[in-house]
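Taking it in order: structure first as structure tokens, then the write-up.
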Amino acid sequence: MAALVVRGVRDMLKRADFATVPRRQRHKKKWASTEPKFPATRLALQNFDMTYSVQFGDLWPSIRVSLLSEQKYGALVNNFASGDHVSAELKQLKARDFVNEAIFHREPEPENSQTVAPSPASWACSPNLRCFTFTRGDVSRFPPARRGSLGLMDYYLMDAASLLPVLALGLQPGDTVLDLCAAPGGKTLALLQTGCCRNLAANDLSTSRTSRLQRVLDNYVPQDVRDKNRVRVTSWDGRKWGELEGDTYDRVLVDVPCTTDRHSLHEEENNIFQRSRKKERQMLPMLQVQLLAAGLLATKPGGHVVYSTCSLSHLQNEYVVQGAIELLDNQYSIKVQVEDLTHFRKLFMNTFSFFPSCQVGELVIPNLMANFGPMYFCKMCRMT
Ligand SMILES: C[S@@+](CC[C@H](N)C(=O)[O-])C[C@H]1O[C@@H](n2cnc3c(N)ncnc32)[C@H](O)[C@@H]1O
């Protein structure tokens, strides 16, 4: 498998070399006018059938049907807005706070357990997050969020698996935090809900998407928290962050652009499988490596990074992690260590279905009983 990983990274880097070919020497393929026009959603399904049936084998048919079915949401309670009545109302709907259930009501490890004690870093979850989901097999929906007495919305609806990268980042009080690809802002909001950010830099290359992020902050976060130089929203190219603010942050979230597998099967608009976006799609793993490398360079030695995607693709997940770690070692002599999240995965196994064979990181796979994800996340520590 290690050889496969290295070969995958090498292929990816080779493909990226294409970018250095001068434009005049590039050959542009002409499409025949009779060529049938397939919707991007169908092209996405064809692509996934080809690659994921190999990657997941017997598991693919069940992942496929789940991806094509309606997804489940979680309601992230807005700690800035509510007293306990929102949680009480969500409980009345028979939803449960999966975060606190996992952390405070977990089964004790058997005394004669052979498993090695996890390192404190992999064990620590970001605190103060409350997120309600319906139980396995219950496909009820949450009513839309409402504005509370303080004028702030009471909860934020998101794929509950999107909270896992934030939980895994393990924020500590007083942390300086960077969210490198932040818009539209679900994870930024969750980072703020922990109450741990001394300051938070939320960045996204797209200005229209940073406007959406700003609207989320306006609707969910009180002005004094937004104003006090604590939250900075920028629209820079995240790949430059290592040069802009190297060795600066305690925690960095790198939630990269990817093939957004579920979206690509359901929405024509902004679909990365449109023919016109083929090159962009092929270049994704290279962009992802560059963004992760920049995130690692922006982290203080001893600090932590979580890399995440909402794709099932090994090429965009574990290969990217391996590629970025190799790049930091070769070009900057910086050592990065992947953290074992086995213990973290066990905490949340009642709520999510995890792919059992990831080489590095964890992958939530869609399942009809728990139709969240896909969500890949990998936690790293910058050692030097
Ligand atoms: C998966 S989305 C992020 C979702 C977000 N973290 C959330 O939870 O709402 C990836 C984002 O990366 C942004 N992006 C793409 N290229 C980028 C770059 N070079 N630098 C920074 N952001 C980039 C896209 O605009 C997109 O909003």
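Backbone N, Cα and C define each Cβ position, glycine as well.
Unlike curated entries, TrEMBL annotations are predicted automatically.
Per TrEMBL, the features are:
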- 78-383: domain 'SAM-dependent MTase RsmB/NOP-type' (DOMAIN)
- C181, A182, A183, P184, G185, G186, K187, D204, D237, D255: S-adenosyl-L-methionine binding site (BINDING)
- C310: active site, nucleophile (ACT_SITE)
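Counting only same-chain residues six or more apart in sequence, the Cβ atoms lying under 8 angstroms from the Cβ of D237 (S-adenosyl-L-methionine binding site) belong to L205. Scoring each of the recorded positions (C181, A183, C310) by how many neighbouring Cβ atoms lie within 10 Å, the top position goes to A183. All protein chains considered, the CB of K187 (S-adenosyl-L-methionine binding site) has 24 other CB atoms within 10 Å. Counting in whole angstrom, the residue listed as 'active site, nucleophile' lies 14 from A183 (S-adenosyl-L-methionine binding site) by their C-alpha atoms. Summarised as a single figure, the pLDDT of the domain 'SAM-dependent MTase RsmB/NOP-type' (78-383) averages 94.
Around G185 (S-adenosyl-L-methionine binding site), the same-chain residues at least 6 positions away in sequence with a Cβ under 8 Å from its Cβ are A202, R212, L213, V216, L217. Taken residue by residue with DSSP, the residue listed as 'active site, nucleophile' is part of neither helix nor strand, so it is coil.
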